[in-house]
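What follows is a short report on a single structure.
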């Protein structure tokens, strides 16, 4: 959700640049252009960190994240802002790919699952703070939420002090009891699911503020609170991911997660009040709390140890390719079906994905 920090400011940003050609699409791209940059560079980054190590890339990327993220405070053209957001995407690609690979290097089995759940919960909690904070700051000025990216500089000293480079021999060994690497077909299916999930999930930060405005709730703080509660719901479920993963298979987790997301989007489509929209989006967040850590856990399970960086890069690229494609898919869809109709149709797609997950889980037990 790093790019979504500024989501509550999108309507005001669009009004500020009202004279810009294709301003509606370009405003959404400000939110999603980081995803294109991530999708383009994450896989090469994975190859680089497999060869040259994790730590130097991670530290450098945190600095770039802070600089590129805060540049929106001073830039005054959509073109310049889009370029800075692309640099932000490069930083996020390095950070996410390196962090995922480090989890695979340091941990295995149930300990890894527990950590990935805690990681997803922390992301959700951070999303709540940044998105609600972004909504409040957006009521002061649409530029103000860009200041939140400066928090990266507060994190850098801890990374320098506590993140150690794993020994190459240790990073390339399977841990005792760890499952063997999965098939290329399993990895391809996983990455496809990651793309589709992100296309649909990113309706929340890119389109929910506009849907709320259409329903008569235009205040940025309301959009920020709704999106923030979505990430909090994700965090609550993700916190228990390690325990759930001991009871349910990965495919069952996907089936349950996509099913909850389908229910949530269906309820968003029917909701007419702000409270009803928030309740529905919380249900969607519960589903995301199962899906997001399960994507990482499954990827690290099927990845050969020597290729963890590349598999982590592939997963990162898939997630953010979906985020970039989301407004390109949703804008024409909204033009044809409206906001409520689009959420309804995406609920149908999610229900189909849930059925596939549950069928695969049933086959795995038979």
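Every residue, even glycine, has its Cβ placed from backbone N, Cα and C.
Keep in mind that TrEMBL annotations are predicted by a computer and have not been checked by a curator.
What TrEMBL says about this protein:
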type	residues	note
DOMAIN	1-366	domain 'Major facilitator superfamily (MFS) profile'
TRANSMEM	25-45	transmembrane segment
TRANSMEM	57-75	transmembrane segment
TRANSMEM	81-103	transmembrane segment
TRANSMEM	115-138	transmembrane segment
TRANSMEM	144-164	transmembrane segment
TRANSMEM	185-203	transmembrane segment
TRANSMEM	223-241	transmembrane segment
TRANSMEM	248-268	transmembrane segment
TRANSMEM	274-295	transmembrane segment
TRANSMEM	307-325	transmembrane segment
TRANSMEM	337-361	transmembrane segment
Touch test for the transmembrane segment (223-241) and the transmembrane segment (337-361), at least 3 Cβ pairs under 8 Å: no
Residue numbers, six or more beyond the limits of the transmembrane segment (25-45), whose CB comes under 8 Å of its CB atoms: 2-4, 6-7, 10, 13-14, 17, 57, 78, 81-82, 85-90, 92-94, 96-98, 198, 202, 205-206, 309-310, 313-314, 316-324, 326-327, 331
Whole-number mean of pLDDT values that fall within the domain 'Major facilitator superfamily (MFS) profile' (1-366): 87
